[in-house]
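Each remark here refers to the structure printed beneath this line.
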Amino acid sequence: MVNEEEKDLTAEGDSNNTGVSPDSIKNKTLDFYPKEKTTERKTRSRERISRKEVNLRFKAYLKSRLFRDYAYIIFAAFLGMASYDYFIAATTSNGITPSGIGGVARGIAVGIWPNQDQLQMQTSMYWVFYFVFNIPLFIFGVIKIGIRFSFRTIVYIGLQNGFHFAFAYIPVINPQELFFIVNYNSLNIFSNYGGMYQIWLFVFAAVAGILNGIAYGLVYKGGASTAGTDFVFAYYSAKKKISIANYNRIVNYIIIVVMLAIHTTLLSRSELTSIYFGKYWAANIEQIQRLGFKIDDGGLYDSDFTSHKIKYFFGPALFASYLFVVVQAITIDIIFPKFKYRSLMVITSKADAVVSGLQYVHYPNDIIRLPARD
């Protein structure tokens, strides 16, 4: 009897004579609030976001690291373009040679378009060559260093090209019409032979070095690099765990010397003569001859041609290019110091193991052990 009663009770519980099944309860819970009302509530919630909250979110985004980094990169690209277009390229084919891949790109552009009336084409093609030369280095950077670093670097190079082609064709402010210091291309070289006109070359180099140094410092702060040899040096610096700043500087100096030597070798008689006596030297041949120079309708010749080539190579163009690199490096150190002094205190009961580990990874700085006092 007891078993039968328990079965009846169980059956009663399972039958649920109330007429409300579990499925109907679930459906009623879901359908209790219609979908239209739920959608209206979501819409009202979204509408409650005030304009003040939107502004606060926008300000928070402006302060975010991503926005700051790309702001650095954009401004750096503009300064880099201004440094080259308005100060380096403005010194014409026989002026300042930038360092790194930029020196190679400028050397090729100058070799193909050497005349002063081809300055705009020469400058534009410099940026094209500079971008193309960095493509294989960009691929190297993606493989060996990382996509984030390499992508930001190629963005920097692309923005420089964009700024150049945007400003090159704007009236009044393009580099052919706007001169921040003097119109170097129009200087009367003949009346200043061996004189003060060369001082302007060093002024242009110093200003270009400052602008380019600021650009490099900002692009480093933005988590990118200036491309070119920076990709290779960044890889070996991380791999070998050593500072390669000195090697980088030496390579840049070598590139300047090599490109200037090639340019000097390729100079024709008329081109070399125009460097020292101006582009209208042919109208002043008699005056130049009275000064004792060997010159004819083709330009300087014989020993004067050779001596002036040597003089050109070891002249203002070389030292102005070095000045550009030095000023650029000093400015970079001010904006983005390579070395920051910090003291680290490690409190440990395993001092021997810590010291051995630091020595194993060739930690370059001093390690001072202070015994604990009771």
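A Cβ is built for glycine as well, from the same backbone N, Cα and C atoms used for every other residue.
Annotated compositional bias 'Basic and acidic residues' per Swiss-Prot: 25-46, in sequence order. For 1-46, the entry in Swiss-Prot reads region 'Disordered'. Per Swiss-Prot, transmembrane segment is recorded for 70-90, 127-147, 153-173, 199-219, 242-262, 312-332.
Residues 101-102, 104-105, 108-109, 153-154, 157-158, 160-161, 164-165, 227-229, 231-232, 234-235, 238 of the same chain lie 6 or more positions beyond the ends of the transmembrane segment (127-147) yet place their CB under 8 Å from a CB of it. Tertiary proximity for the transmembrane segment (70-90) is limited to same-chain residues at least six positions away from its ends with a CB under 8 Å from its CB atoms, namely 96, 98, 102, 106, 119, 122-123, 126, 152, 155-157, 159-160, 162-164, 167-168, 175, 178-181, 184-185, 204-205, 207-208, 211-212, 214-219, 221-222, 224, 226, 324.
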